[in-house]
Every structure is written in structure tokens, then in C-alpha cells.
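One structure is given below, encoded as C-alpha cells.
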Amino acid sequence: MAATASTEQRSEGRAGSFSSSSSDTATHVGSSTVLARLGDEEKLTPPEDLEIHELEEYGGHSSNSEDDALLMEKDQDEPLKPPQPPPEPKKSSFWSSLIWMTVNTLATIGIVFTNKAIFTDPSLKLAQLSFASFHFLVTYLTLFTISRPRFAFFVPRRAAIKDILPLSIAMSLNVILPNLSLAFSSVTFYQLARILLTPTVALMNYILYRATLPRLAILSLIPACVGVGMVSYYDSLPTSNTNIKTTSSLGVIFAFLGIFASSLYTVWIASYHRKLQMSSMQLLFNQAPLSAFMLLYVIPFVDTFPESWGGVSGSKWVLIGMSGLYASLINISQFFIIAQTGPVSSTVVGHVKTCTIVGLGWVTSGRGAGDKGVGGVVVALGGIIAYSIVMLREKKKGGK
């Protein structure tokens, strides 16, 4: 599973990337995608207030001149009352927020390692479009369920196919290419490479909209990029130790193609929020079924299937089902995180997920603490955390 050149756009673009295996993503499957890169740090308008808020923002009016006149006459007839203090805003439960952030973190970590385990099966490694289509279907069914009146998480709205088609294609690439990267890479490299989403989105925003970043933010992105480069180099070096998991050249290529696709999706989805006047949930509700349907026409020509589906072990089917469950949990928990937490909490959650996935990926890769790639990991994480701190401070200054 949203248009400044800041960390708020990562999302983890993640509005439509919730169903991918990236911890980014709104961004998001999401996704998560994609809400996300969108989802992690930008607080969207609550769904129930969206239409009124957007009508006012785009020049609509909540009353007409006749209504105003009647109100004025009524005010003149009634005695003036002393001004009442504004009602205190409804405070969200700390424990509720903590629970949903925990669910989102565990589901995001779970989907990365579950998908990696699925892709280790050679018979499933190249069935990426089928896997993505399955995730889009799960995402749509999840959104359809939580949009029903009984739950009413958001109000579904329809968009014309011709309007949503480019975004659906971008969302498909935003899921498929990173998953291919995960299939041919170590988990550590896969997750660290996603850090490059932030400088790539910033560059795209500058080229397209001349949007600039604070000087300190730009400087903090330099070590983030250098760190990813160091990990890319050391992680792709051949090794005689068969217990050490490395990244192939294909993994590096798919990673950078995925970063470009995810960045484009992140920038696009911000403009689609304004163009279609929809929330991230509403956009994803339209994108997911269209993306799943489109892929059906391509799957027979691209995917490589197992010689016999009966030959796929029962444990792999369980993992596929768990991957779909994690995608649903990411979508649902992301909704509550956006509604109940601010940018600081979302940023912290995003970094906790990244650091945890990188740490667990390093442990399971068979590499030791003395490996040269450790320096790249530290530099990359330090750079992106410093960037987040700078942007949060700038946002706080702008809010004064």
C-alpha cells in the first residue's frame, strides 16, 4: 500500500506496496506497502473526514449564502453566550497504538523472511507474477472486508480504469522487482538497498517539481548511499564458504530497478491523491484488483511453474498462506498507525523494522561480526536515521 521530497514519501510508496516483502510500504503492500513510504510518516486525513476536508481544500463550500443569512438572523435573536472552550481532542489509547505498531513490525519482518523462504524453492523462484497477483487479490479482499459497514475503516470510492491504470502498472513493478531482488539477494542487502528509495524520490521530486531538501538532509543522505554501495560490493563478492549467503549480480540489478520503480510509484501516488481526491486506502482498493487482473494476461508468458504443483511441499503452501496473512495484517495495522500515531512514532517504527530485518538477515546469512560489510551497514543505517532526524526537526520548525 503521499508529495514532498522527504522520508514521508517512503513508504515505504508504500500505499500499494503493502503486499510486497519490503518493510517499506505504505508504503506500501503495504505494502504495503506503499500508505506508506507515504505510510510510515505522513498522517493522512481520517477517512470519515476525507470528503469534507478535500472539498474545502479544492474550493468547495460547506454552506451557501442563504444558509449564512439565516444563521445571522438567528444569532441576532438569541442573547450572546460566553465563548465556550473548545472540546478536547479524542486521545487514542497508548496501548492500542503500541499493539498495532507491534503487529505491523512483526508482520513486516515476517513477510520478508517468509517470502525469502518461499523463493529458495527453485520451482517457485520464477513464479513472481503469480505470487504478486496472489498478494494483490489478498490485499483487495482485505480492503473490501474492512470497508464494509460493519467495520467501516474507510469509505470505498471507485475510479475509472483509464485513470488508475498507469498507477496499477507502477504498483505491479513496485512489488515484482523488489521480490525478484529478494529472490536473488541476501536479506541484508535487499533491505539496505531499499534505503536508496529516499534519495531517489528526492532526486525525482527535484527533477519533476524542483522540490529541494535542507542542506543537512542532503549531507546525511551521502553516507546512506555510500553505506549501501559498500554492502553491495562486499555482499556480492564470491566466497568459498557455502554457509554464507551472498547476493548475485541479478539481485543487484533487480534491486536498483526495484528502487527506480518504487520511487516512481511514490512520486506518482502523491499526485494521484490530489488528482483523484482519494486516500491511500481508497487508491489501493482500486489498484489491487486491476493489477491482479492485468498480471493474468502476462503470467503464462513470463512465469516458470513447477513441473507438478503436487510436488510442492506442504510446508511451502503453509508459507504462501502465511505470506498472504502477513500482507493482510500489514494493511490493517497500517490503517491504525496512520490514524493514531504521529510522524515521530511512525519514523521510529520504520527504523526499528529496518534495523531488525538487517540484523536478523546478517545473523542468518552466516557472516561474522568481523565481516567488512558491517561497516557499510552501520554507515547506511546511520545516514538514513540522521536524515530522518533532520527532516523531523524541519517539519517541527515549519509547524510553528
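Just so it is clear, glycine is given a Cβ too, placed from its N, Cα and C backbone atoms.
Features of the protein shown, as given by TrEMBL:
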type     : residues : note
REGION   : 1-66     : region 'Disordered'
COMPBIAS : 14-32    : compositional bias 'Low complexity'
COMPBIAS : 38-59    : compositional bias 'Basic and acidic residues'
TRANSMEM : 94-114   : transmembrane segment
TRANSMEM : 126-147  : transmembrane segment
TRANSMEM : 159-177  : transmembrane segment
TRANSMEM : 189-209  : transmembrane segment
TRANSMEM : 216-234  : transmembrane segment
TRANSMEM : 249-271  : transmembrane segment
TRANSMEM : 283-302  : transmembrane segment
TRANSMEM : 317-337  : transmembrane segment
TRANSMEM : 344-362  : transmembrane segment
TRANSMEM : 374-392  : transmembrane segment
*Under 8 Å, at least 3 Cβ pairs, sequence separation 6 or more: does that hold for the transmembrane segment (249-271) versus the transmembrane segment (159-177)?*
yes
*Looking at the transmembrane segment (159-177) and the transmembrane segment (189-209), are there 3+ C-beta pairs under 8 A, with each pair at least 6 apart in sequence?*
no
*Taking the transmembrane segment (317-337) as reference, which of 126-147, 189-209, 216-234, 283-302, 344-362 has the most Cβ pairs under 8 angstroms?*
126-147
*Mind pulling out the one from 189-209, 216-234, 344-362, 374-392 with the most Cβ pairs under 8 angstroms to the transmembrane segment (94-114)?*
344-362
*Cβ pairs under 8 Å between the transmembrane segment (344-362) and the transmembrane segment (374-392), at least three*: yes
